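Asker: The annotation domain 'Aspartate/glutamate/uridylate kinase' is assigned in TrEMBL to 28-264. According to TrEMBL, the feature site 'Transition state stabilizer' maps to Lys33, Lys245. What TrEMBL lists as substrate binding site is Gly68, Gly69, Arg90, Asn182.
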Amino acid sequence: MSQSTNGGEFNPELLLQSLPYIQQYHQKIILIKYGGNAMVNEELKGQVIKDIAFMKYVGMKPVIMHGGGPEITGMMEKLGHETKFINGLRVTDELTMEITEMVLTGKVAKDLVGRLSRYGIKSIGISGQDGGLIKARQKKPELGFVGDVVEINPELVFDLLEKNYVPVISSIGCDEKGKRYNINADEAAGKMAVALGAAVQLLLTDVQGVMKEEGTQKVVIPELCPKEIKHYIEKGVITGGMIPKVNCCVESVANGVRRAHIIDGRESHSLLFEIFSDSSKGTTISE
């Protein structure tokens with residue numbers, strides 16, 4: 001019997017190296033916040049989907065939470081609707097909210113579901129408003145339909161996992177009156193990881209991880225605890241869009257999630273590297 005694959009010799013030892021991690025995360029929920037360049041680059045998108053399919057087939061329970069900022073902006077430009085931001089947050093009027101919902105639930109989620117199905121993975125795209133999954137309230141009146149997470153009701157997600165589906169969740173929530181809000185996907189991912197009792201939370205970004213300056217270079221901080229994160233924010237080392245990412249990770253690990261990883265979605269198969277290795281290419285946050 002031939003032991004070669006694509007001209008290379010099969011190495012069983014290489015496969016067996018992943019056994020401890022497969023055991024550790026067997027039947028465990030892995031929350032993946034899907035975003036950044038991995039959402040728009042076709043090659044990276046394909047690699048992320050393969051990684052998630054592999055996790056599923058070795059017995060893990062991946063749950064995908066996604067935003068879609070670039071896609072929303074692109075659709076608004078096509079429709080001739082101006083994009084406005086206040087302190088980095090998209091001002092979401094009624095039309096922008098409709099576009100957001102159309103893009104996240106109707107385009108991004110459907111694309112992910114279709115790609116997973118190519119590998120025989122059953123998945124369902126849902127919105128945070130489905131089944132009262134994400135209860136939200138308005139963040140600030142001047143931002144319009146932008147919300148904060150009030151509560152996660154995870155029963156729908158648990159039901160889907162029980163039926164062997166991979167949930168693909170759009171970061172949209174609604175209040176008690178049914179009014180819809182666009183939710184920051186990092187915030188939603190952190191809250192969802194806690195509500196589901198996820199073992200690990202993985203955030204795909206467009207940077208290598210949390211960075212700091214060393215001499216004339218910027219380097220990745222490989223490991224952080226909540227106390228160190230607070231210090232780095234106060235000192236201005238962690239700034240801008242990285243702040244909500246680290247804060248959602250801090251909340252997760254403070255409420256039962258073992259580890260949270262901020263990783264570079266531009267790296268080939270970055271999800272598998274973090275799960276099946278003790279060494280992180282990005283930043284690992286834990287208590």
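Even glycines carry a Cβ here, placed using N, Cα and C.
Automatic prediction, not curation, is the source of TrEMBL annotations.
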Asker: Applying the rule Cβ within 8 Å of the centroid of the Cβ atoms of Gly68, Gly69, Arg90, Asn182, what extra residues of the same chain belong around the substrate site?
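Answerer: Those within range, site residues removed, are Gly67, Ile72, Thr73, Thr92, Thr100, Leu104, Ala185.
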Asker: How big is the Cα-to-Cα gap, in Å, between Asn182 (substrate binding site) and Lys245 (site 'Transition state stabilizer')?
Answerer: 17
Asker: If H, G and I count as helix, E and B as strand, and all else as coil, what does DSSP give for Asn182 (substrate binding site)?
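Answerer: SS state of Asn182 (substrate binding site) = strand.
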Asker: Around Gly68 (substrate binding site), which residues of its chain at least 6 apart sit with Cβ under 8 Å of its Cβ?
Answerer: Gly35, Met39, Thr100, Val103, Leu104, Lys107, Val108, Ser170
Asker: Could you list the residues of the same chain, at least six apart in sequence, whose Cβ is under 8 A from the Cβ of Arg90 (substrate binding site)?
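Answerer: Looking at Cβ-Cβ distances below 8 Å from Arg90 (substrate binding site), excluding near sequence neighbours, one finds Gly69, Ile72, Thr83, Lys84, Thr96, Leu143, Val146, Asn182.
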Asker: Over the domain 'Aspartate/glutamate/uridylate kinase' (28-264), what is the model's average pLDDT?
Answerer: 92
Asker: Among the recorded sites listed here, Lys33, Lys245, which has the most company in the form of other Cβ atoms within 10 Å of its Cβ?
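Answerer: Compared across Lys33, Lys245, the most Cβ atoms within 10 Å surround Lys33.
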Asker: Could you state the whole-number distance in Å separating the C-alpha atoms of Lys33 (site 'Transition state stabilizer') and Lys245 (site 'Transition state stabilizer')?
Answerer: 10
Asker: Tell me, how many other CB atoms lie within 10 A of the CB of Gly69 (substrate binding site), whichever protein chain they belong to?
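Answerer: 18, counting other Cβ atoms within 10 Å of Gly69 (substrate binding site).
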Asker: Consider each pair of residues in Gly68, Gly69, Arg90, Asn182, all listed by the record as binding substrate, and report the largest Cα separation in Å as a whole number.
Answerer: 12
Asker: According to DSSP, does Gly68 (substrate binding site) fall in a helix, a strand, or coil?
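Answerer: Reduced to three states, the DSSP call for Gly68 (substrate binding site) is coil.
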Asker: Which of the three DSSP-derived classes (helix, strand, coil) applies to Lys245 (site 'Transition state stabilizer')?
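Answerer: Helix, per DSSP.
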